Amino acid sequence: MALETKAVSVDLESSVSEASTTDSPIKASEKLQRQSSFRRGGVIPTAICLSKAAIGAGVLSVSVHAAEVGALYQLACLMLGGMLTVLSIRMISVASIETKKWSFEDVCEELFHPVMSIFTGFMNACVCLGSAAGYLIVCGQVFVVIFQADNATRNLFVVLVGIFVCCPMALARHVGFMRHLAALSVGALILLVIVVAWYMGDRGIDESVTTENFLLGPGGATFITYMNSINNMIFAYNNQFNVPQLTGELTPEPSRNGMTKVALLSTSISFLLYASVSILGVLAFGVAENQKDSLILDLMPVRKEIHVLISLIAVMFSVLTCFQFHIYPVRQFLAYLVRKARGRSSDDEKTDVVYFGRSLTRWYDIFCALGSVCLVVLIAVVITSLRAMLDFIGAFGAAYISFMVPPMWIIALRRKDEKNFSWFSREILFSVSFLALGLFLFVFGTYSAILPILGL
């Protein structure tokens, strides 16, 4: 009997061993996904998602600021903003990896206090709500340009887009889910750049453009004008709100080097698009007052051209793709508030789920996503001045999220090691300097952006 039992045990062990060496369909699928260069969590698709989170409505108004301050100053701001963005993304990824938290709210709660988490989440939500509203405003502008619609029809179109397009997209479980649409939408913006180049080639360089005012601006620009250009640069690269989530989705595992590669690639893509639009937009449409609120309105005289019409529809598709990237942090913040109200921690997030489509989704996550979209639609219907909103949101919220929170996280992380912590270490001195720059952009940038809104 003992021998029979031993034989059965050996047979069971051998069968288990054979089963472990044979991949199941799920494991085989996972292995195939890891081998794919465009898999969810890969460096390239993550970089495209991150660049698409940055390249949205801002690309349509970047030439307006270049027309006011000159191409040289604009390109300098873009290069500076690109370098600061790479450093900021690396700081955020370091904090997320070391705390093993994948949202601004959870990292702040881990390093500071729940009050700090709520304040930071609120600021992050304000940035994303303003951005998402900007995308719906762009859709409304495209609709008006194509169909010459009145304001009431435009508002109805924005509401319908919000309900039937934005609501379903806002329910995606992962940011990386949008990687294919993100790649297509980047191509759509490249098409817009090509159309602007065609416009310049067809009609020639605008009569108001000279070598001097192209490079240095038309003159008369004040400190406020230059500060607003920096605000525009901040918003142009603002994608840090998605960094914790995308860091957590990175495969095969979250890493600093992986996110550094993502930051460099995504920022390079953004810089090339912004620089191209800044230069071509000024040459095609002129300087100072010749520039309208966005490239969409600049292209209105040639809207009947088939390639222009296609590019405008492509812009609409592109900005709607951005919507999910900005709704996800808002949904995450609202879900955090619901979770705290229910007395739960981040470790309880895998509970209280219901089936929605093919994935598991928390019931309050669905509610938060739909509520976020409704709020964005309301903002988009009420606020139609795209440029003023971009300046204000870029100064008010993006400076805090992008350039103040990351260095505070690094300082808080290093202070946990009291024995080896020093305010005069290279990393801490750099973080303090980074924080001081963020504070300057936050205070003076907000002040300069509010003045035009108040008519001062």
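Using N, Cα and C of the backbone, Cβ positions are placed for all residues, glycine too.
Now, the feature entries from TrEMBL:
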DOMAIN    41-450  domain 'Amino acid transporter transmembrane'
TRANSMEM  43-66  transmembrane segment
TRANSMEM  72-92  transmembrane segment
TRANSMEM  122-149  transmembrane segment
TRANSMEM  155-172  transmembrane segment
TRANSMEM  181-200  transmembrane segment
TRANSMEM  220-241  transmembrane segment
TRANSMEM  262-288  transmembrane segment
TRANSMEM  308-330  transmembrane segment
TRANSMEM  366-386  transmembrane segment
TRANSMEM  392-413  transmembrane segment
TRANSMEM  434-454  transmembrane segment
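Here the transmembrane segment (43-66) has Cβ contacts under 8 Å with residues 37, 74, 89, 131, 134-135, 137-138, 175-176, 178-179, 182-183, 185-186, 189, 192, 228-229, 232, 235-239, 241-243, 246, 249-250, 258, 261-263, 265-267, 269-270, 273-274, 277-282, 285, 291-296, 315, 318-319, 321-322, 325-326, 386-387, 390, 394 of the same chain, all six or more residues outside its ends. With a cut-off of 8 Å on Cβ pairs spaced 6 or more residues apart, the transmembrane segment (155-172) and the transmembrane segment (181-200) reach fewer than 3 such pairs and are scored as not touching. Sequence-distant contacts of the transmembrane segment (366-386), counting only residues of its own chain at least 6 positions beyond either end whose CB sits under 8 Å from a CB of the stretch, comprise 57, 60-61, 129-130, 132-134, 136-138, 140-141, 155, 158-159, 162-163, 166-167, 170-171, 293-294, 323, 327, 330-331, 334-335, 338, 354, 356.
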